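Here is the structure we will look at.
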Protein chains: 2
Amino acid sequence: MSGTKCTRLNGALVKQVLDSVDSVLFDCDGVIWRGDQSIPGAPQVINLLKEHGKKVFFVTNNSSKTRKMYADKMTSLGFGVREEEVFGTAYCCAMYLKTVCKLEGKVYLLGSNAMEQELEAVGIQQTGVGPDHVFGKQNDWASVPLDPEVKAVVVGFDEHFSYMKLNRAMQYLIQRDCLFVGTNRDTRLPLEGGKAVPGTGCLLQAVETAAQRQAQTVGKPNHFMFDCVASQFGVNPDRCLMVGDRLDTDILLGSNCGLKTLLTLTGVSTVAEAEAHWESGCSERKGMVPDYYVESIADLLPALQG
Amino acid sequence: MSGTKCTRLNGALVKQVLDSVDSVLFDCDGVIWRGDQSIPGAPQVINLLKEHGKKVFFVTNNSSKTRKMYADKMTSLGFGVREEEVFGTAYCCAMYLKTVCKLEGKVYLLGSNAMEQELEAVGIQQTGVGPDHVFGKQNDWASVPLDPEVKAVVVGFDEHFSYMKLNRAMQYLIQRDCLFVGTNRDTRLPLEGGKAVPGTGCLLQAVETAAQRQAQTVGKPNHFMFDCVASQFGVNPDRCLMVGDRLDTDILLGSNCGLKTLLTLTGVSTVAEAEAHWESGCSERKGMVPDYYVESIADLLPALQG
């Protein structure tokens with residue numbers, strides 16, 4: 001590839017790049033772990049970065065866990081991580097509603113218990129999670145009772161997503177002053193063995209189509225997630241590295257926020273895809289080309305141990 | 001409006017237009033009835049057209065009724081209609097799978113009992129309709145048992161739509177040779193009093209997003225629906241009038257198939273919307289401008305009674 005984009009990060013360059021930053025943001029799945037197993041060497045990398053005085057943060061689009069659940073999982077896998085260093089979309093969505101929207105009212109929530117808990121933690125009430133089965137006929141659906149205190153519809157990952165929930169969200173969103181927020185647009189949740197299940201993006205598309213409105217999303221590649229970290233910890237984008245396995249979320253977030261970007265090949269995206277973005281000549285796609293790539297974040301180990 | 005598009009159809013022009021056609025295609029909801037009430041004068045219009053020797057057909061994107069259910073409803077409202085004259089997407093979808101796809105295998109169906117019956121009537125088996133609740137965890141969803149005989153995923157209106165159904169559809173569609181067919185893309189089902197509920201288009205969007213594939217749809221504005229009528233009854237497009245209340249489905253179908261088009265204002269679309277399409281200068285949007293419009297199809301009565 002021409003220019004200085006998408007350079008293999010190894011040898012002396014590793015130390016040079018690490019010396020140029022004070023903070024490192026990591027995506028989680030496909031970067032520091034896959035499913036329930038840590039990427040070999042990842043805990044040492046994280047722990048050594050901290051020992052070298054770097055601020056380390058975790059930014060994940062997955063809305064099915066609270067910060068605490070993530071910190072507990074990380075601890076059990078050998079990562080020395082505090083809850084405050086984890087930014088999942090369940091938490092960020094609650095922060096967005098609280099600090100940006102200054103929401104006064106309840107949330108109609110398509111989401112998980114984790115989202116319920118993160119909303120509660122910032123003092124936002126919601127209408128309850130879980131199944132909502134269909135009853136009656138079309139006219140009953142159209143006149144389903146609405147909670148007059150609801151001022152926002154929030155869509156995250158919801159395994160109980162149903163026609164009735166879609167309908168209820170639409171009836172709220174017909175009210176033009178009802179806010180509409182989504183956690184993220186990931187279309188699939190990748191699992192081990194090349195398998196996957198439908199992601200929040202599918203549910204959000206259905207609600208957007210019904211509502212004939214676009215949701216504001218807080219997850220990567222939207223800059224809110226970085227803003228959230230930066231405002232709490234005083235991160236300077238010029239001296240920050242974003243590490244991720246997806247070009248369309250992680251790397252694009254980094255580009256959108258002026259961070260240095262590093263693609264790791266232990267997850268979804270490939271160098272060939274990055275090259276195709278570069279060669280497209282399309283400026284939007286160029287934002288998905290990382291500055292550097294590694295086979296695994298374990299490639300950072302020698303420089304940190306040296 | 002400039003030119004001869006979107007002309008008010010009244011006076012001597014009514015007879016002139018009716019004399020120029022042998023067949024008339026009507027959309028149903030918003031055109032000949034609204035909900036459970038016929039549009040005043042509509043039964044007489046239909047019955048008189050037939051008495052004048054016109055062939056009359058009904059083309060509806062609604063997939064929740066069989067041809068027989070439609071014919072029964074029409075009869076009870078005073079329309080002299082035979083089952084063979086009704087083309088709903090439940091029926092057309094079955095015909096599409098049978099005659100165009102020449103499907104040999106089962107259908108994984110997101111749809112209604114009516115769709116099940118129309119598939120059965122052409123000898124196509126499907127996996128069953130009704131609720132499909134979530135169980136277990138992500139890995140269970142990704143390895144949900146698939147029926148090896150399923151060779152097509154079909155999405156119609158399904159009030160039991162759920163995350164599990166979305167997931168099952170996606171797992172089938174990951175198999176590249178699995179066909180993917182939708183009844184229609186209507187985003188909302190309009191009801192009386194300006195109310196609405198989510199339409200099949202929302203469900204189809206969710207499945208398309210998960211599958212990362214586009215479905216082939218059989219409903220308006222796709223020409224298959226007209227092909228279906230034309231092949232069975234020998235309709236000449238030059239001598240056929242399409243009557244509907246929606247610019248983006250009914251009128252566009254007419255334009256796509258080279259039919260004369262008539263907008264009736266008893267349903268969804270307005271003359272102002274048609275004018276905006278015309279003035280856009282965009283060729284795709286011009287297909288949504290009707291040749292003529294009436295306040296109600298009852299405006300055709302004087303010419304038929306005279």
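Just so you know, glycine gets a Cβ as well, placed from its N, Cα and C.
Just so you know, TrEMBL annotations are computer predictions that nobody has curated.
Taken verbatim from TrEMBL:
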type: ACT_SITE; residues: A:Asp27; note: active site, proton donor
type: ACT_SITE; residues: A:Asp29; note: active site, proton donor
type: BINDING; residues: A:Asp27, A:Asp29, A:Asp245; note: Mg(2+) binding site
type: BINDING; residues: A:Lys220; note: substrate binding site
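Recorded features from TrEMBL, shown on the structure.
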| residue | record | DSSP class |
| --- | --- | --- |
| A:Asp27 | active site, proton donor | coil |
| A:Lys220 | substrate binding site | coil |
| A:Asp245 | Mg(2+) binding site | coil |
By Cα-Cα distance, the member of recorded positions A:Asp27, A:Asp29, A:Asp245 nearest the residue listed as 'substrate binding site': A:Asp27
Largest tally of Cβ atoms lying within 10 Å of a Cβ, found at which of the recorded positions A:Asp29, A:Lys220: A:Lys220
8 Å Cβ shell about A:Asp27, A:Asp29, A:Asp245 centroid, Mg(2+) site members excluded: A:Cys28, A:Gly30, A:Val31, A:Ile32, A:Thr60, A:Gly244, A:Arg246, A:Asp250, A:Thr264, A:Gly267, A:Val268
Nonlocal neighbours by CB distance (under 8 Å) for A:Asp27 (active site, proton donor), same chain, sequence gap 6 or more: A:Phe58, A:Val59, A:Thr60, A:Lys220, A:Val243, A:Gly244, A:Asp245, A:Arg246, A:Thr249, A:Asp250, A:Gly267
Neighbour tally for A:Asp245 (Mg(2+) binding site), based on other Cβ positions within 10 Å of its Cβ: 25
